[in-house]
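Participant: Quick one: this structure, given as structure tokens, is what I'll be asking you about.
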Amino acid sequence: MKKIVSASVFLLLIFLYACQSDKEIEQQRYFVNGKSIFEQHCQNCHGANGEGLGELYPPLTDTVFMRSNKSKIACIIKNGSNTALMVHNKKYEGKMPAESDLSDIEIAEIVNYITNSFGNKLGDYDVNNAAADLKNCQ
Amino acid sequence: MKYFGALIISLTAFISCTQPEKKLPILGNREPVEKTVDGKVVVDTVYQTIPSFNFINQDSVQVSDKNFAGKVYVADFFFTSCTSICPIMHRNMLKVYNQYKSNPEVKLLSHSIDSKYDTPSQLKKYADKLGVKGDMWEFVNGPHDAIYGIAEKSYLVSVAADSKDPANFIHQGWFVLVDKDKRLRGAYDGTDPKQVDQLTSDIQTLLDEYHTR
């Protein structure tokens with residue numbers, strides 16, 4: 001009996017471990033794809049290191065802003081943005097164009113990339129998160 | 001014509017190799033003209049130069065070729081609502097600005113190709129947000145034909161309204177280096193940080209050329 005219990009615990013651990021690394025690999029795939037979409041669609045304005053450009057384009061390095069707005073980023077990408085934003089205590093009032101052609105998965109990849117780059121470490125984000133966030137766009 | 005250009009480049013390369021100091025090539029069209037010196041006819045070369053111009057800058061002040069007399073300057077073409085290559089160009093140009101902003105011999109000249117929307121006050125907002133102060137870097141507005149004409153004929157940069165998208169323009173992101181004699185001395189892809197680094201050092205080379213004369 002004892003043997004069976006420890007064997008199943010052992011198996012469970014293996015499964016957990018295997019699933020964990022599957023998930024990690026999946027997240028890495030999001031991140032890598034997100035980087036290449038970022039280079040094509042976002043980097044001209046926000047810079048290769050997310051540094052932004054003067055007060056024209058905000059940086060993506062404000063970890064507090066990114067943390068508290070993580071669930072809004074998908075909508076910002078999909079619909080653009082045209083409000084006053086405070087990033088690193090500076091006011092930005094520019095206009096970010098909408099990227100309405102991007103699919104949910106592409107948006108998830110970009111969000112995954114930018115929320116885990118430029119000093120941000122906000123962890124997992126996948127297509128289900130993106131779909132949920134995009135339902136709540138204003 | 002292509003071969004002519006290649007010949008010029010290889011000639012200048014050859015000449016610059018045999019000279020101890022590095023000199024930038026002179027670009028653009030050139031014409032041989034006959035001159036009489038001491039009773040003898042000699043052939044001299046006349047290089048293409050930037051003609052006189054008159055635009056309005058971000059402070060609503062008239063800016064003409066006179067403001068660029070005796071300066072080495074970099075010219076480019078952009079518009080403030082451009083979301084494609086312009087942010088990249090001006091992120092790179094900012095590096096040139098920061099390097100030379102306190103050098104009175106160097107200026108930057110960005111022409112808007114959207115004369116309707118880019119009024120001086122719009123250009124001022126843009127310059128402010130970019131973090132540019134003073135008049136070392138001029139952002140100018142001018143009549144459509146004057147800007148497009150000087151772009152294509154004088155700076156050899158092609159610009160055009162996009163026929164598919166009326167809110168957009170097709171244009172090249174060249175940074176054109178002009179010397180104190182209004183001649184073209186270099187053209188660099190303003191979207192490529194490496195070429196812009198080259199421009200930054202070529203400006204110094206050009207300044208040295210005038211200093212050692």
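Cβ atoms here come from the backbone N, Cα and C positions, even for glycine.
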Participant: According to TrEMBL, B:C82, B:C86 bind Cu cation; so which of B:H171, B:H211 is the extra one listed there?
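Facilitator: Of the residues offered, the record points to B:H171.
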Participant: So which one is it: of the binding-site residues B:C82, B:C86, which has the fewest other Cβ atoms within 10 Å?
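Facilitator: Per-residue Cβ counts within 10 Å for the binding-site residues B:C82, B:C86 bottom out at B:C82.
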Participant: Near B:H171 (Cu cation binding site), how many other Cβ atoms are within 10 Å of its Cβ?
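Facilitator: There are 23 such Cβ atoms around B:H171 (Cu cation binding site).
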